[in-house]
Amino acid sequence: MGSKRRFSSEHPDPVETSIPEQAAEIAEELSKQHPLPSEEPLVHHDAGEFKGLQRHHTSAEEAQKLEDGKINPFTGREFTPKYVDILKIRRELPVHAQRDEFLKLYQNNQIMVFVGETGSGKTTQIPQFVLFDEMPHLENTQVACTQPRRVAAMSVAQRVAEEMDVKLGEEVGYSIRFENKTSNKTILKYMTDGMLLREAMEDHDLSRYSCIILDEAHERTLATDILMGLLKQVVKRRPDLKIIIMSATLDAEKFQRYFNDAPLLAVPGRTYPVELYYTPEFQRDYLDSAIRTVLQIHATEEAGDILLFLTGEDEIEDAVRKISLEGDQLVREEGCGPLSVYPLYGSLPPHQQQRIFEPAPESHNGRPGRKVVISTNIAETSLTIDGIVYVVDPGFSKQKVYNPRIRVESLLVSPISKASAQQRAGRAGRTRPGKCFRLYTEEAFQKELIEQSYPEILRSNLSSTVLELKKLGIDDLVHFDFMDPPAPETMMRALEELNYLACLDDEGNLTPLGRLASQFPLDPMLAVMLIGSFEFQCSQEILTIVAMLSVPNVFIRPTKDKKRADDAKNIFAHPDGDHITLLNVYHAFKSDEAYEYGIHKWCRDHYLNYRSLSAADNIRSQLERLMNRYNLELNTTDYESPKYFDNIRKALASGFFMQVAKKRSGAKGYITVKDNQDVLIHPSTVLGHDAEWVIYNEFVLTSKNYIRTVTSVRPEWLIEIAPAYYDLSNFQKGDVKLSLERIKEKVDRLNELKQGKNKKKSKHSKK
């Protein structure tokens, strides 16, 4: 990071310390003087309903007696008629048949592995079985159940709150990044695995919990893998803590071995036979082929809802529009039944996610009404949608890939694994025999799809992970017990990046800046940029830009309306690039004019995504609270000042100095600094001039290498802000190094001239 020279009384020589480092040191001192208040003590109901029962000795019969009573033992209120109806449905789930067997295993072991196919009821029922045995409300503890995805954490918490006849956010709640719907009454908390990891950074023993359930462990997310390694250590220190590892797939022996031969209980799902159909040849346009297949099913097949798997929000929303339009046409022209089409992806607001559980529309003239759910791979195992009889599987999903040599992490549309294909097909056989239409050949399934997806830890940039592990007190990363250890090169890259960001010192120890950066739920690069932004007199603006970078794309560009959408975007465009354009969009969104116009209509007319913008607004507020908590100054430069935009670009360079590209001399495109990758600027950028040097937010791997969300910067800023990274002795020979050498000479000459002038001034003043 860039350095300022700071003199201290203990050190007569100047000590080089970056601005963010100084801010972190001050924040650390202040927090020692004024420690943050700990969380509120838990408050629970106890009117003796559990009297006579012994913790960790509850039988299924005793628990069911409490469930069948008139009074809710967790609230003291009478059960509602709706509760009684739901209880009957719950008792029919496959897990209920094995409640006694589960309890015996749970009571006699500290760690157990539970396998239940999607639809067996494991995610909603097992945590409730645990509550009746743990009695957390009498012990002042909580039960945690982690989910890899936010959507699942929210929707499952809502369902379980209904099942337990309690209010969501009270006895049952959820915690996801930037949203906490729990209270001091909460005894069962559904949360993303990342949120539990953040809690562990503050409380290494997770002392608030008496039982932790890691659900969907087969997904092998980064956070789940780290939690598993961490919990292996915690259980040694906490013999009172119980762990349940839950998986939807039967390859659970690996989990058993990892947890020292933990016992396993498997519960079969309720599945009916599923007929598989393959295409005779490769489908060039899988999206078009998927839409045609859905419409063909609707026109020709018997009653039953359809689940279509696609790769992301844009693709899903496009398909929702097309299927809705063509479905209406089928109703009018062919007399087909009505069609309700619902999207499902991570950034969808909770009330819209819930619509997927609505019943299908009524039949019309004897033709069945149908519900179509178009989802990312979240519907593979995380959520169960009743009524699905037909699955359309194009065979793709978005997967993160990372190349440590060129430090590029990208989301790529890639073929799914055989395990995923089987999970998808299984969704069709939940309520009756179903059909799965695979939009690829049988030969491709047998020969081209890998058996299992690679764990996320093997295909990710590990900077955030290493910072988390350091904050968790794990210094020996080489010997940390990963289920699948990442490549040493990936680990080295992460350590190197964190060292350049001054989050780790040269010995690999956490610095005050690293400790402070780890408090922000952001990529370390963004956290460091935000912490140091006050020095550039623009922390308010950087706060906004960071929030805007943390949400899905705010610009909407419909296929039929590209020209209008581009014209609307140009209203906000700033010639220096996309980051300041995002700032302009946010300011316009928050303006009185937009609200007087009607904010939803304003967003529609300007081709902006209201959901993304309101999410950015929420994230900004939360980050602002963190800034205030750690006494980080919130400031801005006068908008009329000629320095206003330069200050913002300098602050951006202080975070993105490792993501820089230079225009190629005498050739088209750019070349990335240090890694020498040929790249093009993404067509979506608004950069209004041929900038020589740019920072970029992401590297997009498609048929060509693109850099996206770019802003022009001056190379002298980079040398000044990040001298360690721009130590030219570490650069390969070539155009980038030559240019930087020339700029460095120029900067050094200017500095010498300044120093010469200052010496003359001091001589005159002495005279």
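Just so you know, glycine gets a Cβ as well, placed from its N, Cα and C.
The structure displayed is predicted, hence computed values, not measured ones.
Sequence-distant neighbours of S120 (ATP binding site) (same chain, 6+ residues apart, CB-CB distance under 8 A): L93, P94, V95, V267, P268, G269, R270. Positions annotated as ATP binding site by Swiss-Prot: G116, E117, T118, G119, S120, G121, K122, T123.
Residues or ranges marked as compositional bias 'Basic and acidic residues' in Swiss-Prot: 58-70. Taken residue by residue, the compositional bias 'Basic and acidic residues' (58-70) breaks down under DSSP into 8 helix, 0 strand, 5 coil.
Mean per-residue pLDDT, taken over the domain 'Helicase ATP-binding' (103-268), amounts to 95. If you look up Swiss-Prot, you'll see 103-268 marked as domain 'Helicase ATP-binding'.
Per Swiss-Prot, domain 'Helicase C-terminal' is recorded for 293-473.
Per Swiss-Prot, the feature phosphoserine maps to S8 (among others); the stated evidence is a large-scale study or a structure entry.
Annotation source Swiss-Prot lists phosphoserine at S9 (among others).
Annotation comment: Swiss-Prot describes 1-74 as region 'Disordered'.
Long-range contacts of the motif 'DEAH box' (215-218) within the same chain: residues 122-123, 145-149, 152, 224, 228, 245-249, 251-252, 255, 381-382, each at least 6 residues beyond the stretch ends and with a Cβ under 8 Å from a Cβ of the stretch. Per Swiss-Prot, the feature motif 'DEAH box' maps to 215-218.
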Exercise for the section: Enumerate same-chain residues with a sequence separation of six or more from T123 (ATP binding site) and a Cβ-Cβ distance below 8 A; give 'none' if the list is empty. Expected result: C145, Q147, A152, V156, D215, E216, M246
Practice task
Take the motif 'DEAH box' (215-218) and count its residues per DSSP category (helix H/G/I, strand E/B, coil), listing them in that order.
Solution key: 2 helix, 0 strand, 2 coil
Fill in the blank from the handout: Residues near E117 (ATP binding site) by Cβ (under 8 Å) yet at least 6 apart in sequence within the same chain, in sequence order, are A248, V267, P268, G269, T271, G426
Completion exercise
Simplified to three states, DSSP reports T123 (ATP binding site) as helix
Practice task
Write out, in the order they occur in the sequence, the residues of the chain not among G116, E117, T118, G119, S120, G121, K122, T123 that have a C-beta within 8 Å of the mean position of the C-beta atoms of the recorded ATP site.
Solution key: L93, P94, V95, A248, V267, G269, T384
Exercise for the section: Enter the number of other CB atoms within 10 angstroms of the CB of K122 (ATP binding site). Expected result: 28
Fill in the blank from the handout: In three-state DSSP terms, E117 (ATP binding site) is classed as coil
